[in-house]
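Below: one structure, written as C-alpha cells.
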Amino acid sequence: MFEEPEWVEAAPAIVGLRPVTTQVQAATAPPVKGRKRRHLLATLRALEAASLSQQCPSLPGSDSEEEEEVGRKKRHFQRSSLANVSKEVGKKRKGKCQKQAPFISDSEGKEVERTCHRQAPPLGGISAGEEKGKRKCQEYSYLHPTQSLNSVDQTVHNSRTSTATLDPPKSSRESASPNSSHTLSRKQWRNRQKNKRRHKNKFRPLETQDQVPLKASIEETEVPPAPKSDSQETRAGALRARMTQRLDGARFRYLNEQLYSGPSSAAQCLFQEDPEAFLLYHRGFQRQVKKWPLHPVDRIAKDLRQKPASLVVADFGCGDCRLASSVRNPVHCFDLAALDPRVTVCDMAQVPLEDESVDVAVFCLSLMGTNIRDFLEEANRVLKPGGLLKVAEVSSRFEDIRTFLGAVTKLGFKVIYKDLTNSHFFLFDFEKTGPPRVGPKAQLSGLKLQPCLYKHR
C-alpha cells in the first residue's frame, strides 16, 4: 500500500557503521514526512557524525578496508619499535644513575613517579610539562645525592613509550632545557660534597662548655709550641745589638783616627764636647785588647809588684784605672775624660804635678797624637832623678826601633830594658839621667810613630 522510503534500504549500512559520504546522502535524502521519520533521520545523522569523527574519511571503493588494516598494522609496528628504543635508553640511564647515586626509599620513589607521570608529554614530541617534570627530577637528585633515581627514570621512559610519535627519540642534552642542571659525574659529586663540608666548617658555631674541657685535656697532653712573639722579639733584639755593635765599631775607628792624627789638645776638646764619645772609644779599645794574648797593663803591674810599695806612680792615659787597682803603690791617674773617680782630667802634656815628685811614670798604649815629644818631656819634668819611665806600645807603630830609642835618650833618658818578644806590643824601660839635652826647637824625627788605625770591615 505504501512505498517504502530509501532510508529503509540504507539502514543495514548504518548498523554496520560503514563510512558514508555526505555528498551521497545529500543527493539521495528525500523529503521527510511524519514525526517518526524525522526522529529516525536525526538518529541516522547523529550516528554518521559519530562515525566520521572517529574514522578518517576514505575514498569509496572496495580497497578502503584493506588500507585501514595496513595503516593499523603500520602504526602498531612503529609504536612497538619506539617502545623498544625507549626501553634501551631507559636501561642506559638506569645504569648511569646507579653509578652516580645509592639506593632510594620506596615512598620517595613513588612520589617522584607520580610527579613524573603528571609531567608526561603529549603526542608529537617533548612539551614544556615534560621539561618541567625532568627539571624537578634533576633537582631532586641534586638535593638528595645519596639516593638513586632509578624508578623516576623508568616511569618517565614508560610514559614516553606510551605517548611516542613517529619522531626519533631525542638525547638527554637536546631534550633538557638550557636552564636545567646537567647530571653530575662521580668526581664532580665528590668535589661538591667536599666544598659543602668546607663551607660548613667555615661557619661552624662556637664550642659548648662541655666540649671545652675535653679539648683542654687533650691539649694538655701535647707539648705546646714556643710562642712566636718571643722568638721574634729575640731575633729583633739580636739584630739591634748587631747593628749597634757595627755602629759602635765604625765610630770607634773614627775616634781612633782623630786621636792619632791630631794633637792632644784637639782630642781634649773633642771629649769635652761629647763625653759619651770617650766611653764609646774606651769600649772599642777594650774589645780590641781582649783579643791579645797578654794585656800590657798586667805586665807592667807585675813588674811594679816586685818593687817597693812606697814608690809613687804617675799613670799617663790611665783609662779605667786598671793599673791603680792592681798595685799597692800610690798612683796618680791622668786622662782626657774620667771613667773613674780617681782620674784627673787633663792634657797629658800638662799634668798638675810638681817637678821631681814621682818615682815611676807609665805610658801604656797612650803615646797618641802628634805631640809625643811633649808627653816625654812632661814625664822627665815630674820624675825624680833616677826615676823609672815604662813605655808599652803597639809593635806595628815602630818603623825603626833604634831611631826611636836614640830620640828618647836625647830627652834625658837611657834604655835599661826592652822586650820585643810579644807579637802585639813592645815594652821599654828608661831611667832618667837628667833634663833634655836638646832645645825645644830641635827636630827629633825618631819620635814620629805610625798611627794605629783599624781596618774597615
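Including glycine, each Cβ sits where the backbone N, Cα and C put it.
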In Swiss-Prot, HIS282, GLY317, ASP347, MET348, CYS364 are given as binding S-adenosyl-L-methionine, so which of ASP274, ASP335, ASP340 is in that site too?
ASP335
Going by what Swiss-Prot says, which of SER64, SER175, SER229 is noted as phosphoserine?
SER64
Residues with Cβ closer than 8 Å to the Cβ of ASP335 (S-adenosyl-L-methionine binding site), same chain and 6+ apart in sequence?
GLY317, CYS318, GLY319, VAL343, THR344, VAL345, MET348
Which same-chain residues, if any, lie at least 6 apart from CYS364 (S-adenosyl-L-methionine binding site) yet have Cβ under 8 Å of it
PRO296, VAL297, ILE300, ASP315, GLY317, LEU323, LYS390, ALA392
Counting across all protein chains, other CB atoms within 10 angstroms of the CB of MET348 (S-adenosyl-L-methionine binding site) number 24
Measure from the Cβ of HIS282 (S-adenosyl-L-methionine binding site) and count the other Cβ atoms within 10 Å, all protein chains considered.
17
Could you tell me the maximum Cα-Cα distance in Å between the residues recorded as binding S-adenosyl-L-methionine, namely HIS282, GLY317, ASP335, ASP347, MET348, CYS364, rounded to a whole number?
17
